[in-house]
Structure formats: structure tokens, C-alpha cells
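J.: The signal peptide feature in Swiss-Prot is assigned to 1-19; the stated evidence is similarity to another entry. Under the heading topological domain 'Extracellular', Swiss-Prot lists 20-150, citing sequence analysis as support. What Swiss-Prot lists as disulfide bond is CYS41-CYS113, CYS67-CYS87, and the listing cites similarity to another entry. What Swiss-Prot records for ASN72, ASN93, ASN106, ASN130 is N-linked glycosylation site, and it gives sequence analysis as the kind of evidence. If you look up Swiss-Prot, you'll see 151-177 marked as transmembrane segment. Annotated phosphoserine per Swiss-Prot: SER187, in sequence order, evidence recorded as similarity to another entry. Annotated phosphotyrosine per Swiss-Prot: TYR189, TYR207, in sequence order.
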Amino acid sequence: MTLRLLFLALSFFSVQVTENKILVKQSPLLVVDNNEVSLSCRYSYNLLAKEFRASLYKGVNSDVEVCVGNGNFTYQPQFRPNVGFNCDGNFDNETVTFRLWNLDVNHTDIYFCKIEVMYPPPYLDNEKSNGTIIHIKEKHLCHAQTSPKLFWPLVVVAGVLLCYGLLVTVTLCIIWTNSRRNRLLQSDYMNMTPRRLGPTRKHYQPYAPARDFAAYRP
């Protein structure tokens with residue numbers, strides 16, 4: 001009898017724990033290429049005729065509230081993003097979907113869904129799920145498209161500058177060669193001209209009158 005009562009008590013307690021918690025399932029990983037993602041959170045609870053709150057949190061400890069929406073099945077909830085995020089959402093009887101856009105690599109993190117039953121009492125929320133890692137890839141497409149456009153003009157400019165530099169170099173070499181040749185020719189011409197070492201003195205013989213030897217003949 002005692003064992004039977006204990007078993008009934010444990011069964012009742014387990015049912016109460018299950019009923020007081022909402023189970024939420026999420027995809028373990030989402031890879032984002034276009035800066036936009038939709039995260040679906042499946043819950044195991046009938047939210048019909050209940051006022052509920054659906055929230056999305058960022059971080060291992062759910063420190064940052066990304067987006068939140070309140071509503072019921074009578075009217076669509078209005079989702080409000082937190083600062084630094086852009087979000088919207090919708091829900092049905094099994095799933096709440098959060099749509100995020102304008103994401104960048106800094107938004108890469110783990111995200112958790114939270115479902116709360118606000119009314120009627122008692123208050124219920126979900127057990128923390130395993131979360132979803134959202135990985136936002138860096139965009140390299142724009143660089144890949146613009147690189148060829150910038151590459152060829154740079155090649156043309158570099159080619160023009162190279163040709164101009166070669167032309168200037170060749171011109172300067174020709175001018176320098178001609179100038180050197182002219183200097184060598186002028187130097188050779190100057191070497192062929194006789195040089196006068198200085199004024200020359202004329203040596204004059206002393207004057208002696210000529211003798212007439214015929215006058216002395218007999």
C-alpha cells in the first residue's frame with residue numbers, strides 16, 4: 001500500500017513538472033550567406049486561448065534580448081527588436097519563427113528561444129533548449145566583383161608609366177652619350193694644335209766687316 005501511494009505521488013509530481021514546462025526544439029546550426037536568417041522554434045504546448053510571450057535571446061547565458069513578441073491566436077503579435085537588431089516574426093499552433101536581417105559577422109553567436117504563458121495562470125515557460133548557433137559568413141562577393149574592374153585600369157596606368165619611364169631613360173642615355181662624344185672630339189682637336197712653349201730669342205752673330213782681299217794683292 002505504501003509503495004503504491006509513493007508511486008502515485010511520483011507519477012503526479014512528474015506530470016506536474018511536465019505540465020509546468022514547455023519543451024522547445026531548435027535547429028543546432030544555421031549558416032547565413034546573405035545576412036538574413038529565419039529561426040524556427042517548435043514548442044510542445046497548446047497555446048490556444050492563452051496569452052503568451054515569445055522571445056529570442058543571444059549568448060550562452062541569454063544575456064541579450066534580440067526580439068520579443070506578445071500575442072495569442074486571436075490577433076497576430078507585434079514583434080519588437082532590441083537595439084542593434086532587425087527582426088520580425090510569426091507563429092502558428094506549433095512553431096514561432098523569428099526572422100532576422102542586416103546581420104554581420106559580429107552577430108555570430110548562439111541563440112535561444114523562450115516561450116512564456118502569461119495568462120491565464122499559472123505562469124509557464126520553457127526549459128532552456130540546446131539553442132541554435134547562427135554563423136554569419138563574411139561577404140567576399142563584392143570584393144570579387146570589383147577586383148577585376150580595378151585590376152585592368154591599374155595595369156594600363158602601370159604600363160603607361162613604365163613606357164614613359166623607359167622613354168625618358170633612353171632619351172637621357174642618348175643625350176649623355178652624344179654629350180660625352182662631343183667632349184671627346186673637342187679634346188682630340190685641342191691636342192692636335194701645336195703648342196708654343198714661350199717666346200723664342202733670336203741669336204745674332206756679331207757684325208764683322210767683310211774684308212777685300214784683292215786690295216792687298218800686288
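Indices start at 1 and increase along the chain as displayed.
Including glycine, each Cβ sits where the backbone N, Cα and C put it.
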J.: When you rank CYS67, CYS87, ASN106 by Cα distance to ASN130 (N-linked glycosylation site), which of the recorded positions ends up on top as the closest?
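T.: Spatially nearest to ASN130 (N-linked glycosylation site) by Cα position is CYS67.
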J.: I'd like the number of other C-beta atoms within 10 A of the C-beta of ASN72 (N-linked glycosylation site), please.
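T.: Other Cβ atoms within 10 Å of ASN72 (N-linked glycosylation site): 16.
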J.: Taking only same-chain residues 6+ apart in sequence, whose CB is under 8 Å from that of CYS41 (disulfide bond), what do you get?
T.: VAL24, LYS25, GLN26, ALA54, THR95, VAL96, THR97, PHE98, CYS113, ILE115, SER129
J.: By CA distance, which of the recorded positions (CYS67, ASN72, CYS87, ASN106) lies nearest to ASN93 (N-linked glycosylation site)?
T.: ASN72
J.: Within 10 Å of the Cβ of ASN93 (N-linked glycosylation site), how many other Cβ atoms can you find? Include all protein chains, please.
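T.: Result for ASN93 (N-linked glycosylation site): 10 other Cβ atoms within 10 Å.
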J.: Can you tell me how the residues of the topological domain 'Extracellular' (20-150) break down into helix, strand and coil by DSSP?
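T.: For that range the per-state counts are 13 helix, 68 strand, 50 coil.
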J.: Take the C-alpha atoms of CYS67 (disulfide bond) and ASN106 (N-linked glycosylation site) and report the distance between them in angstrom, rounded.
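T.: That separation, Cα to Cα, works out to 17 Å.
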J.: Just name the winner among ASN106, ASN130 (the glycosylation sites) by count of other CB atoms within 10 A of its CB.
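T.: Highest number of other Cβ atoms within 10 Å: ASN130.
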J.: CB neighbours of CYS67 (disulfide bond) within 10 A?
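T.: Within a 10 Å radius of the Cβ of CYS67 (disulfide bond) lie 23 other Cβ atoms.
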